[in-house]
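**Student:** The feature active site, charge relay system is assigned by TrEMBL to 144, 216, 537. The domain 'Inhibitor I9' feature in TrEMBL is assigned to 26-111. TrEMBL lists 135-578 with the feature domain 'Peptidase S8/S53'. The domain 'Subtilisin-like protease fibronectin type-III' annotation in TrEMBL covers 654-755. Per TrEMBL, signal peptide is recorded for 1-22.
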Ligand SMILES: *[C@@H]1O[C@H](CO)[C@@H](O)[C@H](O)[C@H]1NC(C)=O
Ligand SMILES: *[C@@H]1O[C@H](CO)[C@@H](O)[C@H](O)[C@H]1NC(C)=O
Ligand SMILES: *[C@@H]1O[C@H](CO)[C@@H](O)[C@H](O)[C@H]1NC(C)=O
Ligand SMILES: *[C@@H]1O[C@H](CO)[C@@H](O)[C@H](O)[C@H]1NC(C)=O
Ligand SMILES: *[C@@H]1O[C@H](CO)[C@@H](O)[C@H](O)[C@H]1NC(C)=O
Ligand SMILES: *[C@@H]1O[C@H](CO)[C@@H](O)[C@H](O)[C@H]1NC(C)=O
Ligand SMILES: *[C@@H]1O[C@H](CO)[C@@H](O)[C@H](O)[C@H]1NC(C)=O
Ligand SMILES: *[C@@H]1O[C@H](CO)[C@@H](O)[C@H](O)[C@H]1NC(C)=O
């Protein structure tokens, strides 16, 4: 390791080089197309002429080095404008060109890295599957790492002909990929690499085509809409028939993430193409950590998608359990958090006295440890001592934060079988180890410790260990919010509660690519057709699949109506009837707040019949942008309509959203008012009554308390008022409750979370720095 001074000099050296050659970089440039001179036949020729003349004028300025500036992409739908590789002088020339709105540097983006359908209550008999014909003909586009088309999950058996309205295709050939791999399930495949190539000129992409480079995109697409595949499992774990949430929906893959990196210019191009091809649902399991909406390419491009009626689902991110770590906290998309399933993977430890104990593991091998000597090694932090017992079953006990280290110590010592006892909640990430290992909760661990300390003399402690058991149900509460799932509030718009919903994301079984190992056995790579993976990347396509079912069953609903249906029908209690727990908390049983799980856990069958929905139009989103005090140019960057037509006549922070987020100063009692409009999507005549669960330290009232609908699609409004805090200094940072509209027949419950917080939000405000 280099001492700090050397490191510092090295940094200066690098920086020096950058300065000498001029800081050329990729830029995304937003344009006002209404001022395009008539001489141009299309936007593309306008943009390329502009870039060419910027090149010429900056050379005339005397730029010393030859420039490699060029137009990367012209965008048509996702944004109005283009991306180009520009020197500072060229960027300056572009900024002085007519029609220029704004520009940002092209930044990297980050990937949010069989049973889940049963857990969600989907059945053949009734509910969202039959009602939607399993998502028939709905097209789900995914922006991801590519796809492994040969996977059985993308077999098109049972699929009808491709709808005539589909404008996309699989014509773009590339490395190990051509149109012949597409079918009636996989109907679109494109890749976008011009941005990353412009960033890194000598780059050679290892897998320069839509073929999946690392399995992620194959996993997300098969989770959303994979076909039925019998006998899928991960080395024997989670065995059964694999299928996506919407098994009859179609898939279009837009690859814009490469193992070599991923850049915004390519992501925008992918979304641009998906909009133009005519996808119905867009699933985006990636994000940027840009805070301001007008600088966030995903926020900008998805605004255009929503405008076209495309439902957009995005991942909250994997930076939990800390607050305000969420990305994609964009008011027009659905932002998905991740939870676990009622399923344990592991094995059985049979002690010498015949007592059996269950442990957790997804170890891929099947080693047998028949009646093997067992030893308790406490903290397991002495590798020399561990090496002396390496042929035994070694039992370790965590003191709170040792587990990670214990795993590495036992691996260094090459222990043939390790058992880790821990009271930690966040253990899912420790289940995959290259050597045989199991993780036990304290209670099960005590059985083993007691047995070892009781065994004496000739009856030395022994145990037999078996792997590859899958236990469904098992009595533990499920779902629980995963520790890694990013938490709200949304740094880009704290006035809208985010995330929106919780969906399965932990240890999800779905298809994988055959060029990327799924496990390690000792030092050997193992491959499998299905992989167990965790992340909000995995929960996001679950919601894409559910949205596809709703689109098929309710074709007239807007993206906001579908989002509302998914949110207001979600559930709050786990399989044991208690409030859903937060695995990121310090104590077992801590309930998850709406800042961790949004409105609750998705419930697809109920989402089909929500009774009432909170709808929102593009105008509502524009009024919110005005309320957030974005400038006319910033709003134009997002809405793509020229500044003269963007009039902030009705600025407001009060979006017609299915949840409530109220910010308070802890030292001052104030009143916050929200106005909401409900649309009746149930029976013609229906009456609803509001109930409010108490929000600790606040007084919440609803006016009126009864809404009487006379017609289907009728809209009625109400006002919700939150007064507080009234705790006299002892206010909780995050207080929450729910407002529920229940119809008089008890058929529908339309539930919205209410969060009141005294957390300091100023630090979360948009960072306004554009180029
Ligand atoms: C697709 O599935 C059908 C029915 O299970 C099977 O007959 C066919 O061989 C599969 N096709 C491919 C390419 O695997
Ligand atoms: C297309 O790809 C398939 C499978 O990779 C291959 O068998 C076939 O020869 C390719 N066709 C063309 C025209 O390149
Ligand atoms: C990617 O493939 C295309 C066409 O197949 C080729 O023109 C291009 O040079 C390749 N780019 C990289 C970075 O490998
Ligand atoms: C193991 O941890 C304990 C408690 O922290 C410490 O006292 C001991 O010195 C450690 N042993 C080694 C070998 O590091
Ligand atoms: C670890 O132990 C196994 C047998 O238990 C042996 O085959 C392997 O070579 C050992 N690995 C190392 C790195 O010592
Ligand atoms: C959910 O749990 C809460 C708190 O324990 C309880 O009051 C409520 O009745 C439960 N709701 C359902 C639907 O079980
Ligand atoms: C927007 O500006 C107005 C007027 O300066 C101010 O009162 C309001 O608090 C600002 N809103 C936000 C969200 O910053
Ligand atoms: C809450 O506000 C209502 C209306 O202002 C009032 O009638 C009620 O007493 C208040 N409740 C509490 C607990 O402060």
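Just so it is clear, glycine is given a Cβ too, placed from its N, Cα and C backbone atoms.
Just so you know, TrEMBL annotations are computer predictions that nobody has curated.
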**Student:** Where residue 537 (active site, charge relay system) and residue 216 (active site, charge relay system) are concerned, what is their Cα separation in Å, rounded?
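**Tutor:** Residue 537 (active site, charge relay system) and residue 216 (active site, charge relay system) have their Cα atoms 8 Å apart.
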**Student:** Write out the long-range same-chain contacts of residue 144 (active site, charge relay system), meaning residues 6 or more apart in sequence whose Cβ is under 8 Å from its Cβ.
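**Tutor:** Counting only residues 6 or more apart in sequence, the Cβ neighbours of residue 144 (active site, charge relay system) under 8 Å are 216, 217, 220, 221, 253, 254, 255, 256, 257, 283, 285, 286.
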**Student:** Tell me whether residue 537 (active site, charge relay system) sits in a helix, a strand or coil according to DSSP.
**Tutor:** helix
**Student:** Return the count of C-beta atoms lying within 10 angstroms of the C-beta of residue 216 (active site, charge relay system), excluding that atom itself.
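**Tutor:** Taking every protein chain into account, the count is 27.
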**Student:** Please report the number of other Cβ atoms within 10 Å of the Cβ of residue 537 (active site, charge relay system).
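**Tutor:** Taking every protein chain into account, the count is 30.
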**Student:** Take the domain 'Inhibitor I9' (26-111) and count its residues per DSSP category (helix H/G/I, strand E/B, coil), listing them in that order.
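**Tutor:** Going by DSSP assignments, the domain 'Inhibitor I9' (26-111) contains 29 helix, 27 strand, 30 coil.
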